[in-house]
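Asker: First the structure, which I've put down as structure tokens, then a few questions once you've had a look.
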């Protein structure tokens, strides 16, 4: 039999499907040819040759999709191959407009052993999703030798050296002789393997020259048809896997055979409880688990358990791609400066990969040169002290996009402030080469004719600040040559020539008048030199004259000294240098230079002007605020630095915060600025900088704290409450929008109809929501408006929609008697009486009070009248205050009145003429007369008490007796009794009782009573249940109790049992015995708590028992209940 062909990749010229697939069983081919879901063609498992290319193809039909589908290729369970796209893994997408089919290709270039394993492709659309899996096996190329046999022991998978299974396929070698024999004898090796034992698989494969043992086992497994075990509980199980986007919801559904059977859902082996996130649904045979707002914690294995059977699935939660919302910007910098690349992504906490020229940058490889920073959605790459090596293209990569930027680094330029000049010196003189550069820290070398000059006793090299000097004493002819200064680290060289002058002729002195050659280039016509404060001024003035003239510099009348000092003069025969180190404002002024020799004199004047950064602005203050803004004003600085002011820069901060925020980057020319985008109700501070041509000043003094506050909204529901001949009462509601500033009060304004001249009615804001405007002209039509006021100013006004005529409207008087005053008012003596009767009428009614038809003049009764009500008050009521009170209100000729009935009561007096009318047997008849004082109300009864003359203790025998007489029974023979009677009304019993005038003597009749001898009763008895246990039916989850009653002496011992098993110290049960009443409480019973409960009582004389049956009903789910 020939050796099975190896599958070729699509990238090869002769690419084809694996040979193993050509020998599939027909039924299997038919099954694979029928795509399911949205796939038209699925990628198939294949075996790739190491070092060659392979391509997998998937086709998706989008004719029924609302949006373009999204394809995702995954290796293993989590690895998204989209993030690995590059030279090794490549992707391609093609769309056919005619068939509306998307073709997706994934190519693996130069397959390696690590590419072996399981793969999955997922396609998702708006309302559809599908996925499929396939395997990739890697085999060595033909003829490849393993130099080291240990390298042949590879593990499958890509999780590391300790993951996967050992793969020995590389150790299997081909036997050509065996293959030739197999070719002669055509035997189907798979038929032999199907009937062979698993322990013989390796021997048979070796015998027939099959080296791909793993591929052989996989094909053999596919050939064996295993009939799936039919489920008794499930009609339809869960799919093998589900995929859902992060934040969306997913439905997992099964169909069960029994519609009434309960199901359980498990997540990673733990049971799921119903909640807002996990929703269970049961409709007929369908059971659905809905997971809302999926996140990474929901990416897990799920099970649906029905009885003993389970259905498994996996849910994969896909995170949305992280996109770049703010791309990188190109950077241009100078060597040694810090550079920051900033990118902003769509989600916080996202992973961003940084690369430079295709090489990944991370904390391990970047070292101290690069730093990575995260701030919410912002990711920053910081390059410390950029150099030429940092030039290149920088990439920021996410799983949903990338951004790139270029970095250019230039060498730091060194500015030459003073170059070295050629020198001509004579023998034994000193030669000084001097130069000045901008960087004080710059170092360098002095060269002569290209050779570095070394210091010695005659040659001195100095470096002071920005000045570099080379001094040669006692110049000799050998010192002549080309001298240069080369700064370290800069492509710069300063050169000059030293000429040795040898005098060979006799010197003939001559006289030339001195001359000052003042270079006026770069200066004004008035020889003005402008210097920035802090900088150095070095003015070289060429002087001629013979003999050498004497030079004198003056500032006013003061001579500038030569030699050392901040302001000094350095002179030689032909050059005088005026130097100011670190110029100050005091150095400003008029300077003069004079040169003299025997032949004459010359003078020149020049003006030195010192310019500096200006002083900070003064008096920074906030003049007004808005809801989110504030207006800042300041005064210009007292000193502008000597040059015109260009503008101002502003900063603000929250009070208590150390961080200042710049408000403008371009200078602001005005001295007023409106700061915006502030938070209402937060205190802010401001400071201002002055900018001129020299630089930026120090910050000004911080302004007083201010708070952005907006005026409130307009008041609402402005209405007219009342109008008189000269006044108008208004009322309104507070504004709907008040804000952080609150409301300080309201301003009321009015004007005549047709006019716009508004007059303010109140000088100070009123705090109430009502106000009466006074002093209005009679008969005029007036308009009114109300404005709310707070610290931010006035709100928009609320104006009446119609004008109001200032004229009081006549309204008939009407008294509105409260419901509780429509009947008689009963008050006790000493109580306070305060009655309020509201009335209405216009103009203001005149109210009068009368009692029993007579004008009220009692000074103990007070009255008070307002515009809308009348008050009658009595501080301490007396019985004389009882009667009918009448309130009359009059408006012009119209009158209305109302009557109030007041009754003041107190406790009654005692009954009179109490006596014992008759005595018979053990009875006594009493009689009395009603009290003289009934307390100004009806007597509702009497209370009778008796007292034995021996003990004098009083006992009540009759209460609430309505009649003025009663009979007292059950008196003891031989005793004498005294009686007293209390009268009673609505205030209670009388304070003093009426005592009977005579006593009742109950005489003995001679009867004697023989008491039988006492016989002690035997109370011992066996237990006996007086109340049995009753059968009960309860609902599961609700606590219940069963009870019975028992008696017995001595006290019996009680035992509770469930299904004839004694209930011990179970916290679910609580047993109580209260005076023989026995109670068993069951806390939240379940279905397993049902059964037969019994109670047994035992003592020395016997025992007794009772029992009952307890049924526990479990409430079924709503869906199942509806089905029933």
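The backbone N, Cα and C atoms fix where each Cβ goes, glycine too.
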Asker: State the residue range annotated as region 'Disordered' by TrEMBL; the candidates are 1-46, 47-92.
Answerer: 1-46
Asker: May I ask which of the stretches 412-484, 514-607, 910-1008 has the most CB pairs under 8 A with the domain 'Ig-like' (813-903)?
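Answerer: Between the stretches 412-484, 514-607, 910-1008, 910-1008 has the largest tally.
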Asker: Summarise the domain 'Fibronectin type-III' (910-1008) by DSSP state, stating how many residues are helix, strand and coil.
Answerer: 0 helix, 52 strand, 47 coil
Asker: Restricting to the domain 'Fibronectin type-III' (616-712), what is the model's mean pLDDT?
Answerer: 89
